[in-house]
Amino acid sequence: MRKWTIPSALLLLCLLFLLPDQGRKLHANAEGDSEELVDPPKVEEKIGAVPNGLSTDSDVAKREAESISKRSLRNTAEKFEFQAEVSRLMDIIINSLYSNKDIFLRELISNASDALDKIRFLALTDKEVLGEGDTAKLEIQIKLDKEKKILSIRDRGIGMTKEDLIKNLGTIAKSGTSAFVEKMQTSGDLNLIGQFGVGFYSVYLVADYVEVISKHNDDKQYVWESKADGAFAISEDTWNEPLGRGTEIRLHLRDEAGEYLEEVKLKDLVKKYSEFINFPISIWASKEVDVEVPADEDESTDDETTESSEEEKEDEETEKDEDEEAEKKPKTKKVKETTYEWELLNDVKAIWLRNPKEVTEEEYTKFYHSLAKDFGDEKPLSWSHFTAEGDVEFKAVLFVPPKAPHDLYESYYNSNKSNLKLYVRRVFISDEFDELLPKYLNFLMGLIDSDTLPLNVSREMLQQHSSLKTIKKKLIRKALDMIRKIAEEDPDESNDKQKKDVENSSDDEKRGQYTKFWNEFGKSIKLGIIEDATNRNRLAKLLRFESTKSDGKLTSLDQYISRMRQGQKDIFYITGTSKEQLEKSPFLERLKKKNYEVIFFTDPVDEYLMQYLMDYEDKKFQNVSKEGLKLEKDSKVKELKESFKDLTKWWKGVLASDNVDDVKISNRLDNTPCVVVTSKYGWSANMERIMQSQTLTDANKQAYMRGKRVLEINPRHPIIKELQERVVKDPEDDGLKQTAQLVYQTALMESGFVLSDPKDFASRIYRSVKSSLDISPDAAVEEEDEVEEAEAESETKDAEATSKDEEAKATKDDVDTEPSAVKDEL
């Protein structure tokens, strides 16, 4: 670091004493190749003279331009050197900490907000620190200069003394690059916001020269400047306008950062990152307005000459009156003129900071539309506004949208898109945190604002922060409570005992809300049961479905259990492609007759769901199309098994080539002769069909998951009784075996399976039809008559030959007549 020697300092003081005016006028650039004599006023003389920090004095503007256009350190400034190697330092800033250059504006506004917070805190005990007039306004202002490529951010915060500038703006350098990297890798907890540390140095992503002009109540106004080339300089500011109090940062933007000189770009960044900062953020924006200016005489003369003759023939008295009025009012015209004014950018209030009891429904709706960028009229289905305290403190607002996005499930496992925004002290961090909410809740809108989380410049580092797990756990619980509340407030969801109370306390707006939610987001709840083992029981309470007793409406597991028959231990369900198909299923015949309720699962994801949802409230789930169905005890079961023992044993042998594991007496059939069921832990018929339809399925690898098939027969059906009698008489009858095969294939198809050999099934059907029509099984199909076919071929050849002769003759006639035609023409 460069230091002044004592003799040099004494000599300089003598010169300044002898030539005070010339000493103040001296101003040179870093190269020392030019000097300029100016007479700038002292800071103390200009305090309060210029409102809002705008340049109205042409001399001041000229001095500012000459001072900042050279992008070089002032010779009169005191120089300091960074302790760390700049190349490595900037490599960390640009390549490691910041993956998005837009972040620099967020950091500078956050710093400005912290500075304003500090002066506001001091003003609680001493109001005089705020000052008077514009200085007392706690605000942040952004200004552009496209010609000079300068972006300025100013706040009226606490400001910095000379010592603060040296200390705060050297945070990274003073810690040493190596120590900084080590700390970043070990803890990742770089809580440097508001300290003009890592956050401030993000300016060098877009600027190659930076000035920080700051005024503290306890010190003079100083300028900190640096080109990030290993040194920075600090000098007393006697040429810029007085700030009164606060800090102004001027970024001399790089050529490739020209996009940040556009008002639209800056407005979007403020809206994205700093929309909910506590202090007003304004930008010096351009605006076109219509202005009336005096019209030129030549133009007015031209207008008069273009008047129509009809208008000239009007009454002379009327013309005189108009002329008199025109003489009183000077002729003017409207022109477009560009004006500038401060435009407020953060007008949306941070309602999560308020008490939920003080926020109205209209305010929540307006905030949701702003957050979701949804400008429709529909209200969110529900919302939850809460504050979490403990190890991690945060405030949050969650919303359930009225509709699901069209692509919600198309790229469910491949997308990291999140509708949840993370804020730290009202500063937007990111909406790409896949650890804040699980994927099955990614349809929720909302935000989280924490005062205890470190406002780290790196999203990747904050992603690994241990506090996020605590936040995630609390958010899931609140989200599920919010969804459950929709059901509790819906009159259609209440049972008979609660219906009267709910109808009296609820309005019509709540009716049908949960059905609407389920139709939009029901698949997400099912995916949650599959993915989230911890909250599986809570999610199961939100499950809705239709059943044999729901009369076309949605019902819950709790309502199902309340309607269970006495002594029923299992929850019965069946899976398929549609409710209409399942209602006709033979598996339901006996269950319906015995007044058991069966749940219909018709969504393909339901097959996966039931592999994870094994029980609910100590009740096991039972697929009625699989083995293990238990109804009331039947005393005749043993007798039936014994009496049909010959048939079941014989039929199993007949079906040995079809991989049928067993043939049993059924307890689930009423009007159907037989059905095919699968083993308890294997795939159902519906699941087999789903897996076979997969694009990249491998039949060989999936073979072991197919359930063993069991043929269950109805001992009371006449077909089964007849088969029993014939097997006893002649078990080797080929016709009987063919019939048994046909009955099995029919049951297989009716049970929902896909036939492995449809041709064989069709052949058996045709043989059965022949038998019913008394047609001999050996009757053959008549052959086509070959003679007729030969005659048809000869007729075709004759026709072709005739057509060729006619064409040749026509061509010959044309050739013969052509010379005579030419002769006639001549």
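Cβ atoms are placed via backbone N, Cα and C, with glycine included.
Remember, it's a predicted structure, so these values are computed and weren't measured experimentally.
Here's what TrEMBL has on this protein:
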type     : residues                                                                 : note
BINDING  : Glu107, Asn111, Asp155, Met160, Asn168, 174-176, 195-200, Thr247, Arg459 : ATP binding site
COMPBIAS : 292-325                                                                  : compositional bias 'Acidic residues'
COMPBIAS : 780-793                                                                  : compositional bias 'Acidic residues'
COMPBIAS : 794-814                                                                  : compositional bias 'Basic and acidic residues'
DOMAIN   : 100-257                                                                  : domain 'Histidine kinase/HSP90-like ATPase'
SIGNAL   : 1-23                                                                     : signal peptide
Glu107 (ATP binding site): tally of other CB atoms within 10 A of its CB: 25
Average model confidence [pLDDT] within the domain 'Histidine kinase/HSP90-like ATPase' (100-257): 79
Residue with minimal Cβ packing [other Cβ atoms within 10 Å] among the binding-site residues Asn168, Thr247: Asn168
C-beta crowding around Gly199 (ATP binding site), within 10 angstroms: 26
